[in-house]
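Residues or ranges marked as domain 'Shikimate dehydrogenase substrate binding N-terminal' by TrEMBL: 22-110. Per TrEMBL, the feature shikimate binding site maps to Ser30, Ile31, Ser32, Thr83, Asn108, Asp123, Tyr244, Gln272. The feature active site, proton acceptor is assigned by TrEMBL to Lys87. The NADP(+) binding site annotation in TrEMBL covers Gly148, Ala149, Gly150, Gly151, Ala152, Met242, Gly265. Feature annotation from TrEMBL assigns domain 'SDH C-terminal' to 265-295.
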Amino acid sequence: MEPVYTLADLDTWSHRGTALAVLGHPIKHSISPPMHNAALAVMAQDHPTYGDWRYFRFDVPPADLPLALNRLHAAGFHGLNLTVPHKVLACDTIAHVDPSARPIGAVNTLRRTTNGWHGFNTDGYGLATAVTETLGIQISGTPVILLGAGGAARGAAVECLARGCASLHIANRTAANRDALLTALAPLAGDIPLHGFAPAEPPADLPVGALLINATSAGLHPEDPLPIDLAALPTPAGVYDMIYNPAESALLAQARERGLPHANGLSMLIHQGARALEIWTDTPVPVDAMRQAVQAAL
Ligand code: NDP
């Protein structure tokens, strides 16, 4: 497995080729390095220039993010991914936030420019591509029930509205966070019905045949409560859980028991990564190699 680096390692940085990295805190769980390095190895077969590209991971505490972004730019890094807790923090720090990422207020992919970093958000693309690939559902025209009101939920909600979902219902444990998200989304919704509800009290008029997306972290640990009880909802068309480790959350186990199409977040991880690599290379990327690498890493 790729070592975990810190900013101190930049003092003696010896990689002479093109460098990419993911920054997070903690970061030791990240499987992005094997995913991207596997793709780069395949790309190097047709384009030898990628033979000296390498993707690293850095543990960067939030207070050090501005320093880290400056130092990695000065050290010549070509692209960065950002994960928890940096996606929102970086928006105030980088030179340019892509217009597509501004409504989300978070960036997960930075591309080097001469003046600094240009930030993108590929999570929404990753989610939409994954939902179509794994569940056969197009978000456009489909009612969506979204669980969560954190960063991942916000990105998912903006993507669903941008793609013209039929309606968007958002449930979250903390009502104040849900309502803040609904307020932020209202200007983006246009004619799309946008509603909130408490996960313990689903309203009777929720749509049948919705795409249910779990964007909460409930399910990461065995003792976590279900983010929602599927038995209390009209039958959804499919259940997508952004969590991929464990591979089957309690929510996905319930979906399986009820015979519902369901998928975990591994496909989203792969497709957000594939889009990031396309942004850095302007080249089509080998998604299957990325999939094999993350499956092996897990
Ligand atoms: P945040 O910390 O920003 O938000 C966490 C959300 O989960 C909040 O809505 C919070 O509710 C809710 N929550 C946390 N614990 C519980 C619980 N015990 N019961 C019910 N709700 C709970 O995290 P992110 O939005 O960044 O990430 C959310 C999930 O999405 C994580 O599991 C993350 O791993 C996953 N993810 C997966 C990706 C992929 O590529 N597959 C990409 C990005 C994220 P409250 O407001 O009440 O605190």
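Heads up, residue numbers simply count up from 1 along the chain you see.
Positions of Cβ are set from backbone N, Cα and C atoms, glycine also.
Annotated features, which come from TrEMBL, shown on the structure.
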residue : record                       : Cβ within 10 Å
Ser32   : shikimate binding site       : 26
Thr83   : shikimate binding site       : 17
Lys87   : active site, proton acceptor : 25
Asn108  : shikimate binding site       : 27
Asp123  : shikimate binding site       : 30
Gly151  : NADP(+) binding site         : 19
Ala152  : NADP(+) binding site         : 25
Tyr244  : shikimate binding site       : 20
Gly265  : NADP(+) binding site         : 26
Gln272  : shikimate binding site       : 25
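Taken through DSSP, the domain 'SDH C-terminal' (265-295) splits into 25 helix, 0 strand, 6 coil. Asn108 (shikimate binding site) falls within neither a helix nor a strand when secondary structure is assigned with DSSP, and so counts as coil. Not one of the recorded positions Ser32, Thr83, Lys87, Asn108 has a CB under 6 Å from ligand 1. Apart from Ser30, Ile31, Ser32, Thr83, Asn108, Asp123, Tyr244, Gln272, the residues listed for shikimate, the same chain places the Cβ atoms of Val22, Asn81, Leu269, Gly273 within 8 Å of the centroid of those Cβ atoms.
Largest Cα to Cα distance within the recorded NADP(+) binders Gly148, Ala149, Gly150, Gly151, Ala152, Met242, Gly265: about 17 Å as a whole number.
When the binding-site residues Ser30, Ser32, Asp123, Tyr244 are screened for a Cα within 10 A of the Cα of Ala152 (NADP(+) binding site), the ones that qualify are Asp123. Sequence-distant neighbours of Gly148 (NADP(+) binding site): residues of the same chain at least 6 apart with a C-beta under 8 Å from its C-beta are Ala156, Ile170, Asn172, Asn214, Ala215, Thr216, Ser217, Pro227. A distance of 19 Å separates the Cα atom of Tyr244 (shikimate binding site) from that of Ala149 (NADP(+) binding site). Closest to Asn108 (shikimate binding site) in space, going by CA atoms and restricting to the recorded positions Lys87, Ala149, Gly150, Gly151, Gly265, is Lys87.
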